[in-house]
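Structure below; questions to follow.
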Amino acid sequence: MSVKIAPSILASDFANLQKEIEMLNASETDYIHVDIMDGVFVPNISFGLPVTEAVNRHAKKPLDVHLMIVNPDQYLEAFKNAGAAIISVHYEACTHLHRTLQAIKQLGCKAGVALNPHTSVELLKDVINDIDLVCIMSVNPGFGGQKFIDNTYAKVKRLKEIIFEHGATTEIEIDGGVNKDNAPMLRAAGADVLVAGSFVFNSSDPIQTIKALKSIE
Ligand code: DX5
Ligand code: ZN
């Protein structure tokens, strides 16, 4: 199975979103990564439900919604209705993570958990069989275009072991600062899904860039 590519539309041209989504539809994109920031959990505001709905009207690929918000439980159903196929909540924003994961699944979505750089993958051991996707943040969430944190490789390797030890089918996604230089090492460490924002959208030929990432062994 080849690595999955999830371009983050945070780095796309918001004034030409339809064109950007059509470009992704025509590419080897696996998931469209949708970054929701509330200005409370993270020090930035991106966009919310109406924009997600508008993206979904044109998208032919599943929406991978990354909620960087406090009280995510309050918005799960709304994001499902806006078109989310995968909903990832932050470990740091959930007091009752197990309950939140069940609520996401009851809506018919895949359930994801995102971890900030300081949060250990060991904390997911007891719920790993309930998680469809773990999003390991390789930057501090809030902004695109940041530098990749090298400790991520060790986290990916350890999480892969935990998944194996528990016989789980959880996918490992990496989010932040992904580019052609670190992608092969992330893949070798056990990454299943690579999010890429600025590396894709700031390139001169995003379709080719997605293809190049996708072809990583
Ligand atoms: C960061 C977001 C990322 C971001 C990735 O808070 O969760 O998805 O858009 O952008 P790049 O690839 O530019 O680091
Ligand atoms: Zn993200």
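Backbone N, Cα and C atoms are what each Cβ position is placed from, and that goes for glycine too.
Features from TrEMBL:
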type: BINDING; residues: Ser8, His66, Gly142, Phe143, Gly144, Gly145, Asp175, Gly176, Gly177, Gly197, Ser198; note: substrate binding site
type: BINDING; residues: His33, Asp35, His66, Asp175; note: divalent metal cation binding site
type: ACT_SITE; residues: Asp35; note: active site, proton acceptor
type: ACT_SITE; residues: Asp175; note: active site, proton donor
Max Cα distance spanning Ser8, His66, Gly142, Phe143, Gly144, Gly145, Asp175, Gly176, Gly177, Gly197, Ser198 (substrate binders), Å?
17
Other residues with Cβ within 8 Å of the Cβ centroid of His33, Asp35, His66, Asp175 at the divalent metal cation site?
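Those within range, site residues removed, are Ala6, Ser8, Leu10, Val34, Asp64, Ser88, Ala114, Cys135, Val195, Gly197.
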At the Cα level, what's the spacing in Å between Gly144 (substrate binding site) and His66 (divalent metal cation binding site), rounded?
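It is 13 Å, counting Cα to Cα.
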Give me the CA-CA distance between Ser8 (substrate binding site) and His66 (divalent metal cation binding site), in Å, as a whole number.
10
If you measure C-alpha to C-alpha, which of His33, Asp35, His66 (binding-site residues) come within 10 angstroms of Gly142 (substrate binding site)?
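Those near Gly142 (substrate binding site) - Cα within 10 Å - are Asp35, in sequence order.
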Taking only the binding-site residues His66, Gly142, Gly144, Asp175, which have a CB closer than 6 angstroms to any atom that belongs to ligand 2?
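From His66, Gly142, Gly144, Asp175, counting a Cβ under 6 Å from ligand 2 as near, the near ones are His66, Asp175.
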So around the substrate site, Ser8, His66, Gly142, Phe143, Gly144, Gly145, Asp175, Gly176, Gly177, Gly197, Ser198 aside, which residues have their CB within 8 A of the centroid of those CB atoms?
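Not counting the recorded site residues, we get Leu10, Ala11, Asp35, Val139, Pro141, Gln146, Val195.
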Measuring CB to CB from Ser198 (substrate binding site), give everything in the same chain under 8 Å that is also at least six residues away in sequence.
Ala11, Gly144, Gly145
